[in-house]
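K.L.:
From TrEMBL, here are the annotated features:
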type	residues	note
ACT_SITE	280	active site, proton donor/acceptor
BINDING	128, 197, 218	Zn(2+) binding site
BINDING	139, 221, 222, 229, 258, 314, 315, 316	substrate binding site
DOMAIN	44-404	domain 'Amidohydrolase-related'
């Protein structure tokens, strides 16, 4: 089954030169059949996952490469590991840092096309801070936070070049941000502005969206709590002050720690088409418990929770995108994970809908945020052939980048084992392709 047009459908996936092809053109215009056919054994074929907020993983911290990793291409090292979790594209995220750190790292973190050999595509950097509210700093260093009295001059003085930047998280209540920063970031630099780490009221949030902001960083976390007289940034999900043609997307960390499943369901019910799963994963993704870095901070990882050392403040997650997709589907389908009292019995078509919505939130929606949904996050014709095979519990079985297999869970899911007999023999035996 394929995930296409917001549903699960029975169809074949045709690929040539790294792109998804329209089979009728091949069959009727070129009058040829497939060169190779693969039996996916009833697996779900989904677009590859896209992570817009990942701080590092597998022993690498994008904000604080230490001496042992200074000479390594840490984006490449992480990119090679991500296909094992279904992720085929990502935005490496740098948390609040000193200007010299940005000026050192941003030129190194260039966009890069993914491949089976080199792993996931690098979609540009997500810079989270330092222009955030000190009262909602979360795991960010307050002594590194900055203001923008001179507007864009202060932004450029801090970051240096924005050539490799795709997303900037900023608090709209900081003076000059609404009038002199957001419009220029969007119009002159093509940056996706995300609102977060903020005490903003709803009115300023609406003004920020009208100025060009289109994303909210990890909804519910590091922002004003929802209040019935001023819902803050959370209220943007239902605002009537915004045009229906103005899309607002929001990141959600569904790792079983950051966001209660009731809050997950609430956000989904209110604005399902804007929901974007993000991992906010840190250096310890794929590693065991211990002490690690998150930028200039020391963090402790124990169980599924990462916190600032000596505190209870959450410091990112250790969840993969595969974990988040499964947690999200679980939240929609069964309520509280592993709590049978909440289990509901849904009709099969609704179960399929939850599968599709969970997958869309990790594929189509993040691609729409970056305005690359013609190429990524979809299995539509003409898109890049970045896709994954999933079992019906949404476990990743195999990952493909540009049509080539980048990872498989075991030999049974290798291309060699999935390959059906060549077309000539298949035609004699009247086997389906």
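The first residue you see is number 1, and the count goes up from there.
Here the Cβ of each residue, glycine as well, is placed from N, Cα and C on the backbone.
Unlike curated records, TrEMBL annotations are generated automatically.
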K.L.:
Below 8 Å Cβ to Cβ and six or more residues apart, same chain only. Which residues does that give for residue 222 (substrate binding site)?
P.N.:
132, 136, 137, 138, 196, 197, 198
K.L.:
Which is it, of 197, 218: the one of these binding-site residues whose Cβ has the most other Cβ atoms within 10 Å?
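P.N.:
Within the set of binding-site residues, the most crowded position is 197.
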K.L.:
Take the C-alpha atoms of residue 280 (active site, proton donor/acceptor) and residue 221 (substrate binding site) and report the distance between them in angstrom, rounded.
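P.N.:
Computed Cα spacing between residue 280 (active site, proton donor/acceptor) and residue 221 (substrate binding site) is 11 Å.
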K.L.:
Measure from the CA atom of residue 218 (Zn(2+) binding site) to the CA atom of residue 229 (substrate binding site) and give the result in Å, rounded to a whole number.
P.N.:
22
K.L.:
Taking just the CA atoms, what is the gap between residue 221 (substrate binding site) and residue 128 (Zn(2+) binding site) in Å?
P.N.:
13
K.L.:
I want to check the contact list for residue 314 (substrate binding site): same chain, sequence separation of six or more, C-beta distance under 8 angstroms. What comes out?
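P.N.:
Spatial neighbours, sequence-distant, of residue 314 (substrate binding site): 138, 139, 221, 257, 258, 305, 306, 307.
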K.L.:
Specify the count of other C-beta atoms within 10 Å of the C-beta of residue 258 (substrate binding site).
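P.N.:
Cβ-Cβ neighbours of residue 258 (substrate binding site) within 10 Å number 22.
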K.L.:
In whole Å, how far is residue 218 (Zn(2+) binding site) from residue 316 (substrate binding site) when you measure between their Cα atoms?
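P.N.:
Residue 316 (substrate binding site) to residue 218 (Zn(2+) binding site), Cα-Cα distance: 10 Å.
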